[in-house]
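Now, the feature entries from Swiss-Prot:
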BINDING   Tyr39, Tyr176, Gln180  L-tyrosine binding site
MOTIF     44-53  motif ''HIGH' region'
MOTIF     236-240  motif ''KMSKS' region'
BINDING   Lys239  ATP binding site
DOMAIN    349-414  domain 'S4 RNA-binding'
Amino acid sequence: MKHKSEFLNFIQERGYLYQCTNIDRLDQLLSQDNYIIAYIGFDCTAPSLHIGSLIQIMMLRHLQKFGYKPIVLLGGGTTKIGDPSGKDKARSVLPIEDINQNILGIKKTLEKMISFDYGKTGAIIVNNADWLDNIKYIDFLRDIGTHFSVNRMLGFDSVKIRLDREQNLSFLEFNYMLLQAYDFVELNKKYGCRFQIGGSDQWGNIVNGIELSKKLNLPELFGLTTPLLLNAQGKKMGKTESGAVWLDGSMLNSYDYWQYFRNVDDQDVGRFLRLFTDLPIDEIKKLESLKDQETNEAKKVLATEVTKICHGCKEAELARSAAISAFENEDSSLLSGYTITKEQIANGIPLIDLLYDTGFEPSKGAAKRLIQGNGCKVNDNTINDVNYTINSESFKGQPFIKLSAGKKRHIKILVSEVRK
């Protein structure tokens, strides 16, 4: 479907557009008004966002690219309650101090990925605690709660799924959709914001905000959702077996971040190039046309471009160089490291223990099977002896050894007086 708005055409071609309220009216507004203010919200449940939020961050970048002003709403208030959307059970209530620290961490991450200058399209950060913390309960029930139908609220997926499964839904969580709806109204009053973007699980919350604005006789508001981020196996992205894929470099280094995207399924490469990079669509189509082993080149481009956006050009190039070094048996000094002590080396460390300690394998039994299957290498030499021990001879006067598990996981083992 062709739109008048270049922004809508762009996000549709790249795969961002999932659902939209009154898309014809939004198309008209975006094509006629060059100064639209839009917002995307993030809850503050961790000290960093992970790649599950990457689509929304890219949408912020694209809003700026097309001349619109984005608002980043940090849920300092709503995080105190917890969004029930897509959750099987209630989140633990975080202490206020933790939420405030998380806000600082998320701000630091976002400042590397979108522009917060004072220009026309410069993003602004707001915290909904600034207005939610001051709400008087009786006034809120009378002025806002009266516009919500419990019958209708029970039909939204975030509520219905929990109730159908006979899973507990607290009154605290039930209030979340009222507060998010109120956020949209508040942002319209304060900043003239008329457009909200969120993940597909936020559809009900977005619609509630639009309906509330109508009942309060405000200008027409619009909402758009992006698709749920799933990989080729249908699994929700954002976490791996070894933990979340964080966007903060202090929680996940640029090399591991690069490697995550280098190792995505072949079927995901084209889609991720469209969603997570700034490459022109013609260049992406050329990369999408690569087949078989050539697909690995497209994966390297994907990994490098995504890492540039999150960690900067220098870190992306260092990560790419380290990966090439590891795969081509060259100097692997740029790889992430794991430190052991001289005392451990003197006593000797069973290779099985080291594979487990570094997190390469979830158990010593799995480590044993990896070795038996010729999947483990020390300094690029395959080790198939399950009793193999890492000792001073393994280092041969070098400051580190390279430990490899399979073809895609590599780490350097360093020696220090004390473990870091």
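Keep in mind that glycine also has a Cβ here, set from the backbone N, Cα and C atoms.
The structure, with features from Swiss-Prot marked on it.
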residue: Tyr39; record: L-tyrosine binding site; CB count, 10 Å: 25
residue: Tyr176; record: L-tyrosine binding site; CB count, 10 Å: 21
residue: Gln180; record: L-tyrosine binding site; CB count, 10 Å: 27
Assigned conformation of Tyr39 (L-tyrosine binding site) - DSSP reduced to three states
strand
So if I exclude everything within five residues of the ends of the motif ''HIGH' region' (44-53), which remaining residues of that chain have a CB under 8 angstroms from its CBs? That is, six or more out.
74-76, 79, 82, 91, 94, 99, 101-103, 105-106, 109-110, 229, 236-239, 244-248, 251, 260
What three-state secondary structure does DSSP assign to Tyr176 (L-tyrosine binding site)?
helix
